[in-house]
Amino acid sequence: MASILRQIVAGPRARHPEAGLDLCYVTDHIIATSGPSETYPQLAYRNPLDQVVKFLDSKHGDDWAIWEFRAEGTGYPDESVYGRVRHYPWPDHHPPPFRLVPMIMASMRNWLHGGELDGGKVASDGRPMSSSKGTLTQEQKDAKREKRVVVVHCKAGKGRSGTVSCSYLIAEEGWKPEDALARFTERRMRPKFGAGVSIPSQLRWISYVERWTKGGKKYTDRPIEIAEIHVWGLRHGVKVDIEGFRDEGKKIDVFHTFKRQERVVVDPAAPEESGISDMIWEMAGYPAAKANQKAPEDAHYSDATNPGDDPATEDKGKKHALKRKGTEILHKVSSKGTKPKNGSASSSKTDVTDNSEEEPGGMAVILRPTEPVRIPNSDVNISVERRNKTPKSMGLTMVTAVAHVWFNTFFEGEGPERDGKALDSGVFSIEWDAMDGIKGSSRKGSRAFDRIAVVWRVAGTDALPEEVVEPAEGQPVPQVRPADWQGANKEDPDSQKDLGLRVQSPASADVSKASSMRSTEEPGETKDGELEGVRSSGPTGEDLHVGDHGEVKDGNKK
């Protein structure tokens, strides 16, 4: 029964009927898997930890180790995997704080090159200290090198695991980003089920890794300030937040929410509206983007990470477009409005209105905080949400758009190209279609704006930059404090955002906030619906069939 549940959660895949584990060999030495568990209810539909350990023991002896990236908690204590685990957690559906990347790359390299796993223990003052064990000889390391594997996992074993896997191949193995992304998609995803790494911000981070590598692996983390945000085509009722990492990257904080008096409307003309038709179609199960998750065309390396379409997929896309055409026609008809008896033109009204008084929009708007918003590091997230009010008696808010985008000012300031000395100020621009969607998907709802440009600068003269260096081979590498493995870490303030109705909370006249009343889900979405379309594959790309007790089965037998 548990095996059947796990197959249902993981979605359609070309596997043996008795297959139990979900993992793939990205290369001979990198295994990606969804997060295992040893507690209920997750144990019923996720990889059972004891079976994962048994499989790894049988295939790799004591030459395997885990790298986990779950800020929501691993779901198991370290002792359950012999303490053979490295922790570098960050929130789901987001890129990592870039300062973690050099540590992750170095620790994986040390292990795969035959080094010790626990050479990265951290002293009370934060400095790495050497292992108490005896150092391996070069001959011993060479013998281990061909046998070692790293097991990377997050929740679904796709976004975060894929970001790290591809980054390692680029930074330590010399792969081209396009080849690394294509390999991960090929090994991790079933045909016609989209990209392995599809979130635009994670793909942007992979482009940063390529530039970091080419620039000699120099990175400087600096506190920065957001001076203002220029927005073109801003719709009414859009809330804009500035967010960033804290707690070593395990949590995301909202550093500022723009108030009404911080909006300078340069051109008050109303941008073209698509109404709430996009959002309605998405709630009905026909999102603007096709169900299989692909990276947007404007995202970095979208051609490489997205698998090619076949005729069947293209045919589905045509049918999908026809379904959406009806909404466009309805919108064109309704937008012309009707003329009331007094002869003045007016648009047809509904009981849903925008928040134009609290959050006015326009063709050109400048969001200028009362004082610059300070971020303690170089990673910045801009989060937007559009709300439409229902009648006051209902006390509800209709959320019609949700999106966000991450960028890093060291790379936007051309740090790798300037020998590690990034510019002290700059502008990051992005179009709406290239933004990250809801919970790692392409769903964003109706358009909240056309384009934004974020004006940033290094924070004050007292801001001390910190150079983050990748430890040399053989040197100890620190790891970070893990999240509570039992969960309830509340790592992401945006994790519950979705399209649909929410209960209005008591809020000021300047900024209307809403707490989640109901979260809309895609048809067929399950507790771990993100696993849909993943596959299990062996070192040479063959389908890998693992039984309910961790044994490897012959994929050719039925």
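Keep in mind that glycine also has a Cβ here, set from the backbone N, Cα and C atoms.
Feature list (source: TrEMBL):
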type	residues	note
DOMAIN	12-216	domain 'Phosphatase tensin-type'
REGION	119-142	region 'Disordered'
COMPBIAS	129-138	compositional bias 'Polar residues'
DOMAIN	150-188	domain 'Tyrosine specific protein phosphatases'
REGION	291-360	region 'Disordered'
COMPBIAS	335-350	compositional bias 'Polar residues'
REGION	466-558	region 'Disordered'
COMPBIAS	489-500	compositional bias 'Basic and acidic residues'
COMPBIAS	519-533	compositional bias 'Basic and acidic residues'
COMPBIAS	542-558	compositional bias 'Basic and acidic residues'
Mean pLDDT for the domain 'Tyrosine specific protein phosphatases' (150-188), as a whole number?
96
Is it possible to list how many residues within the compositional bias 'Basic and acidic residues' (489-500) are helical, extended or coil according to DSSP?
0 helix, 1 strand, 11 coil
DSSP helix, strand and coil counts for the domain 'Tyrosine specific protein phosphatases' (150-188)?
27 helix, 4 strand, 8 coil
